[in-house]
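Written out below as structure tokens is the structure these notes cover.
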Amino acid sequence: MESLTLQPIARVDGTINLPGSKSVSNRALLLAALAHGKTVLTNLLDSDDVRHMLNALTALGVSYTLSADRTRCEIIGNGGPLHAEGALELFLGNAGTAMRPLAAALCLGSNDIVLTGEPRMKERPIGHLVDALRLGGAKITYLEQENYPPLRLQGGFTGGNVDVDGSVSSQFLTALLMNAPLAPEDTVIRIKGDLVSKPYIDITLNLMKTFGVEIENQHYQQFVVKGGQSYQSPGTYLVEGDASSASYFLAAAAIKGGTVKVTGIGRNSMQGDIRFADVLEKMGATICWGDDYISCTRGELNAIDMDMNHIPDAAMTIATAALFAKGTTTLRNIYNWRVKETDRLFAMATELRKVGAEVEEGHDYIRITPPEKLNFAEIATYNDHRMAMCFSLVALSDTPVTILDPKCTAKTFPDYFEQLARISQAA
């Protein structure tokens, strides 16, 4: 297996222009494909997940052109639901941001489409979404294991009253919300359980509004969506920088700054993961907010005990930053780490122990006490981009770290290690 050894980093300083947000890129691509008119997306993320969405749109007959660097995309909207001529199979890798929204969108009208992906995708639950779509009339068959992909979709979604469990993944609700305006009837979506990752729902609602569709949000408990609507192209749309990707550079500055400034997001960003900067500030770093940037300057870091349900992806970065904080850090209410690219609670606990931390892994929390000195370790990444990026922070000590399968960052940030090197000074 390929590996990358990072030598100790004495200091980080500089500016990082963030690649486009994965969450925003894939939502915007699908809405542009469903909309009337031509949409130009700029600062689109070029990554594995986005390529899976683009390949699916190609197979569904959507026409678009990409710039040479794949960050500008002109899409000719379909002006309504997407249809396949005859039976079709779409391979979506391990891209949850493609699998869930497409599973819903392709239940409109009449289709016969199979959605499948990598082995890990077949372990990521989708039953709550399928249950909700079936309540709205969709015909969906599990081809292997009940409640997991691959799925066969045969259309039939008309709207009506649907319930969806909000406690596992906000992507199920996102998929229903994006699909509902194009259904023939009104849809009322009721949330069962506590809704996780609410800020990701705000991204969805924000984008739907940009594409001309308003819905009624009743305190995140119930959503009322009028049927028979259509999405309208906004013309040109700039994809925000990826706030989750910003977390690694901001954390690096908190540990070994200097000052690092990330551009492409700012105080008015729609992504909930910008709140990660508040956590670093609470730990002792200095944060400065602009309209299109966030900067972080080193401080003495102290441990925290916090509910991280609002920033589950960026919270992973706090787990490795905790290695540099005084005291024991506890991250709570993060059960949904277990249903991501890998079981992130298990993976994080296992790898933190390798570098010498004392770790308690609970059902939905993790407690981390750093060692006096970090151990050298080979870090397994579990084909999870965030594991690779989080553990790069270990090099901000006086100990090198080896990252196995470093190219797994291609899921969201193909040149992550080059960008980290650019702002780093060797010890």
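Using N, Cα and C of the backbone, Cβ positions are placed for all residues, glycine too.
Owing to the predicted nature of the structure, the values given are computational and were not obtained by experimental measurement.
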**Identity of the 3-phosphoshikimate-site residue among Ser3, Ser197, Ser295 (reference: Lys22, Ser23, Arg27, Ser169, Ser170, Gln171, Asp313, Asn336, Lys340, source: Swiss-Prot)** = Ser197
**C-beta crowding around Ser170 (3-phosphoshikimate binding site), within 10 angstroms** = 24
**Prompt:** Pick from Gln171, Asn336: which of these binding-site residues has the biggest number of other Cβ atoms within 10 Å of its Cβ?
**Reply:** Gln171
**Asn336 (3-phosphoshikimate binding site) in three-state DSSP notation** = helix
**Prompt:** For Arg386 (phosphoenolpyruvate binding site), which of these recorded positions sit within 10 Å, Cα to Cα: Lys22, Ser197, Asp313, Asn336?
**Reply:** Asp313
**Rounded to the nearest Å - Cα separation of Lys22 (3-phosphoshikimate binding site) and Lys411 (phosphoenolpyruvate binding site)** = 9
**Separation of alpha carbons, Asp313 (active site, proton acceptor) and Arg124 (phosphoenolpyruvate binding site) (Å)** = 16
**Fill in**
CB neighbours within 10 A of Ser197 (3-phosphoshikimate binding site), counting all protein chains shown, number 22
